[in-house]
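Written out below as structure tokens is the structure these notes cover.
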């Protein structure tokens, strides 16, 4: 907007480094923690905890917050190089340390710490490291004394020999009993099987004979039923004279066609017509079939001169 823009007056705060909140002792959180027994510089939690040995000076300091400038999840590592730092930063820090009056030994120790941190970061990015957290000590549930298990070698040898002899005797007895049982079973099976052989053979023969006779009777009955069904007159007796006329016409046409070409198919004298709704249409269907089987009728249908 230039000069026409509204003026905005900004004042420098009295705490540019934002350290008053950490140094103040009148805050609500400081009062509660001090009432519970906490003092500035002490650790949080139980003093006799299992992980108390892992506390360092950083555990008593304030929590450090890192600004999140990406959309990655919590705990995710960015793909950028963790060693991407301004060049010469370590040397500049060492120079500032010398100006502040630090000794060379302190500066070398700090530089070594920085180098170790760089190596650890590089190794963590290249080879994924696994960090373990101590969760207590493992202890055996039952402490078994080894003195009770230890015995003299002579006694052990004697006990092994006795056990070996007992095992041999048991195996021999088991073998003898198994042989006896097998022989008894074989004798019983022979006695039982020798008696009913003749009876079984006679029974099986009689059963087969009965089955054969029943099968023959069933076949005869089926044949008689089929013959009766074929010999029964068709329900349409009024069409007999018309059938005779059509058959005579067909015979004449067939004789004529035999001279010219061989017959396509044989015409059955007895044709079974369907029952039901096709009863009235049976005549027309039969005439169409007969016309299609004759060459002259086909020529007449297609208006071809013979």
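Cβ atoms are placed via backbone N, Cα and C, with glycine included.
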Correct range for region 'Disordered' (source Swiss-Prot, candidates 1-27, 28-54): 1-27
Within-chain partners of the compositional bias 'Basic residues' (219-228) [C-beta distance under 8 Å, separation at least 6 from its ends]: none
Three-state composition of the compositional bias 'Basic residues' (1-11), taking helix and strand from DSSP: 3 helix, 0 strand, 8 coil
Segment confidence, the domain 'G-patch' (25-79), expressed as mean pLDDT: 81
